[in-house]
Amino acid sequence: MPRYTVHVRGEWLAVPCQDAQLTVGWLGREAVRRYIKNKPDNGGFTSVDDAHFLVRRCKGLGLLDNEDRLEVALENNEFVEVVIEGDAMSPDFIPSQPEGVYLYSKYREPEKYIELDGDRLTTEDLVNLGKGRYKIKLTPTAEKRVQKSREVIDSIIKEKTVVYGITTGFGKFARTVIPINKLQELQVNLVRSHSSGVGKPLSPERCRMLLALRINVLAKGYSGISLETLKQVIEMFNASCLPYVPEKGTVGASGDLAPLSHLALGLVGEGKMWSPKSGWADAKYVLEAHGLKPVILKPKEGLALINGTQMITSLGCEAVERASAIARQADIVAALTLEVLKGTTKAFDTDIHALRPHRGQIEVAFRFRSLLDSDHHPSEIAESHRFCDRVQDAYTLRCCPQVHGVVNDTIAFVKNIITTELNSATDNPMVFANRGETVSGGNFHGEYPAKALDYLAIGIHELAAISERRIERLCNPSLSELPAFLVAEGGLNSGFMIAHCTAAALVSENKALCHPSSVDSLSTSAATEDHVSMGGWAARKALRVIEHVEQVLAIELLAACQGIEFLRPLKTTTPLEKVYDLVRSVVRPWIKDRFMAPDIEAAHRLLLEQKVWEVAAPYIEKYRMEHIPESRPLSPTAFSLQFLHKKSTKIPESEDL
């Protein structure tokens with residue numbers, strides 16, 4: 001029998017429907033009837049006939065026609081809002097619902113599984129879990145570890161031993177012993193009281209990453225959670241039932257208590273929850289709609305769910321992966337700019353970089369060689385200025401391997417720390433099943449990921465800083481030998497004038513955002529937790545910096561492609577022509593001024609989806625795999641003994657000597 005969950009004036013009502021031929025209007029009237037029956041204060045209605053209403057789907061807020069049949073208009077167990085005439089939409093209906101609601105009309109439940117054991121999760125795995133590409137299951141080894149760990153907790157309860165967080169209070173109340181008959185209440189109270197975050201909720205992708213990472217850490221078997229509870233949590237993840245987790249409120253020690261408490265609150269059926277099926281709604285109704293029951297916390301389990309660095313680390317994981325993606329593509333964008341500005345490839349000579357063998361520097365120089373003019377990929381643009389009088393390029397072109405290179409090495413360093421953190425037990429106390437005891441420690445302290453993510457923000461920012469200077473060179477006719485601001489009829493048209501200002505503004509914001517949050521600490525919990533990492537802000541800040549870097553490079557990409565227009569009919573190299581074609585598939589050339597923001601967003605989306613890398617990567621890898629010899633075209637402005645033998649041109653001597 002179909003059933004619908006209907007929201008009327010702050011109340012959720014389960015309305016069964018014995019006949020699918022009934023209409024949306026019937027559902028609305030029946031919901032209002034039940035509301036009037038169950039609410040003493042019914043808003044002045046004496047009967048259903050007094051209420052005039054509209055019916056909307058919670059999923060996307062689509063307005064329904066009252067005459068449509070339920071079997072056509074709605075799915076079984078769907079969530080519906082009845083909006084009574086004269087009422088504003090219930091303020092507690094959906095947090096930030098008008099902002100897109102995070103609903104996916106094309107969402108498909110994943111069929112593939114990823115096995116978690118607490119030891120092998122990668123940053124790529126977690127990002128894919130966040131995108132909803134996999135469900136989760138535990139390895140048999142992980143299940144055994146979890147069971148053995150729980151046996152230790154059960155023994156503590158049975159023997160009435162005084163152990164922190166299990167039979168005592170928390171923080172300042174660590175010496176307060178809790179009666180045995182209140183241990184479960186203790187855990188629920190912990191989750192409720194610590195759910196004190198503020199700000200916008202995490203997106204479904206980020207909440208999914210947070211939940212998946214907490215599952216992975218619990219799978220290590222050092223937190224004392226029961227296998228039954230952990231499997232319940234996994235079922236919720238696999239159904240994409242995601243609690244409302246505000247992004248602000250963690251100081252990064254003792255772990256990420258506030259956000260993880262909000263996560264746990266949804267799992268116990270309280271607070272708000274989101275799923276692709278329901279959108280935002282009360283957690284208990286979302287779980288019910290998916291055939292799931294709220295978790296009933298056993299002793300220690302509330303603490304097991306909320307104590308750890310998973311908020312910092314999951315956001316840090318996204319930051320690392322996005323930083324890696326934009327760093328790769330920054331090399332391609334810069335190479336295209338160098339072509340437009342008629343730069344030389346001499347600065348990327350293998351022998352130069354062998355003398356300063358930083359891994360990132362060598363790799364960036366290699367990418368430039370694989371993309372720019374060579375015997376393998378000749379460029380008509382490069383050939384057109386082969387014998388110009390320019391000796392060397394500006395630092396923003398010539399020093400890309402050195403500047404971009406250290407960013408690559410920074411990302412690699414941070415990724416190593418984040419990967420270690422992904423597979424670390426960060427609870428307190430730790431449960432050692434092999435020793436049959438619990439031990440209090442400080443693995444919950446977020447200093448490692450906090451420091452790493454501050455470093456990541458500082459490192460990745462430099463890509464935007466150098467990109468903005470290249471945009472200046474593209475737009476400045478005295479430096480580029482191109483029309484001012486890359487547009488015809490300058491004066492009538494302003495071209496990239498303010499796009500460059502946008503890039504400058506983003507770079508300036510980043511300079512403030514790069515101040516390390518982890519240099520700060522405030523004593524909390526009555527001086528019990530007297531040093532904290534501020535890692536949550538480090539992670540959120542790093543993501544903001546990375547987004548700005550992506551946007552600045554999107555502007556440079558558009559500017560470089562526009563510069564190509566003024567060099568036609570000359571062609572650049574094959575891989576860079578492919579990049580140009582990709583951009584032109586979503587953004588047409590500027591003939592005259594037009595609304596520019598959508599074009600910047602389109603280019604940003606190409607970078608965010610790694611499309612620029614996808615079109616250039618095959619050429620880079622072919623260059624690598626086939627060991628194509630390095631081309632070293634001769635130039636009159638670079639000294640070469642071989643060149644002197646081939647060409648008799650010399651600097652004229654003064655007659656006075």
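From the backbone N, Cα and C atoms, a Cβ is placed for every residue, glycine too.
Taken verbatim from Swiss-Prot:
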MOD_RES   Ser254  2,3-didehydroalanine (Ser)
MOD_RES   Thr396  phosphothreonine
MOD_RES   Ser635  phosphoserine
MOD_RES   Thr637  phosphothreonine
MOD_RES   Ser648  phosphoserine
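For the pair Ser254 (2,3-didehydroalanine (Ser)) and Thr396 (phosphothreonine), the C-alpha distance works out to 43 angstrom.
Cβ contacts within 10 Å of Thr396 (phosphothreonine), excluding its own Cβ and spanning all protein chains shown: 22. Using a 10 Å Cβ-Cβ cutoff, the residue listed as '2,3-didehydroalanine (Ser)' registers 26 neighbours. Look at Ser254 (2,3-didehydroalanine (Ser)): DSSP puts it in coil. Under DSSP, Thr396 (phosphothreonine) is assigned to a helix (H, G or I) in the three-state scheme.
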